[in-house]
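Inspection log for the structure reproduced underneath, given as structure tokens.
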Amino acid sequence: MKYTLTKANPDADVYPAQTSQTVNDPMEDEVNKNVFMGRLEDLVHSTANWGRKHSLWPFNFGTSCCYVEYATTLTAVHDLSRFGAEVIRASPRQADVMIVAGTCFVKMAPVIQRLYEQMLEPKWVISMGACANSGGMYDIYSVVQGVDKIIPVDVYVPGCPPRPEALIQGLMLLQESITKERRPLGIHVNDQGVYQPQMTPERDRKQADRIAVKNLRSPDSI
């Protein structure tokens, strides 16, 4: 029997490379569909953030007409409870998101700032309406030109006043950002092992400063 050796020609049209197809291992595909492949730390963060974004407890702080639109989102027509944010709290210590709906006056600014400081971590702020975003049409001495001058804001909802759908979209944007945050853990796990950092509460850390204060600030100061 005679054998003929033919040199491979990559430019030949017998089996061009662009038409070649690869077949995945069926066992590997089945494992990837049914087994979670990843680090335990990422799984913990994603699970905690999923629970956080679906259990936002807002602190209702309405200062103007935007609060009427905010209250409308709680009705059956818009049903804010679909997003887990219908549990309105009357105390900042039980809330984790502040919705500033309306005009922020200079007299009200210290109150907003004090209530924000009383909220527990993690906490977020939604600025609802043109007045809360930038002062709106009230460019006068008695109106703060944007609530972000006194507290940090995570989401701005435009409008005068914004429709309930706009507030719901802003809430969804906040939920999307929460899923990407890193959860502050009391116990850390890394390559060196498991350790628990000494995290002093903010209240205890500033206790000496509070005791040392002799001249309290006036209620109308920022």
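Cβ atoms are placed via backbone N, Cα and C, with glycine included.
Feature list (source: Swiss-Prot):
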type: BINDING; residues: Cys65, Cys66, Cys131, Cys160; note: [4Fe-4S] cluster binding site
type: REGION; residues: 198-222; note: region 'Disordered'
type: COMPBIAS; residues: 201-212; note: compositional bias 'Basic and acidic residues'
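A map of Swiss-Prot features onto the structure.
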residue	record	contacts (Cβ under 8 Å, 6+ apart)
Cys65	[4Fe-4S] cluster binding site	Gly102, Pro161
Cys66	[4Fe-4S] cluster binding site	Ala101, Gly102, Met128, Gly129, Cys131, Ala132, Gly159, Pro161, Pro162
Cys160	[4Fe-4S] cluster binding site	Gly129, Ala130, Cys131, Gly136, Met137
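Taking the centroid of the Cβ atoms of Cys65, Cys66, Cys131, Cys160 as the [4Fe-4S] cluster site, the other same-chain residues with Cβ within 8 Å of it are Ser64, Ala101, Gly102, Thr103, Met128, Gly129, Ala130, Ala132, Gly136, Gly159, Pro161, Pro162. In the structure as shown, the Cβ atom of Cys131 ([4Fe-4S] cluster binding site) sits within 10 Å of 28 other Cβ atoms. Look at Cys66 ([4Fe-4S] cluster binding site): DSSP puts it in a helix. Under the DSSP three-state reduction, Cys160 ([4Fe-4S] cluster binding site) is assigned to coil, being neither helix nor strand.
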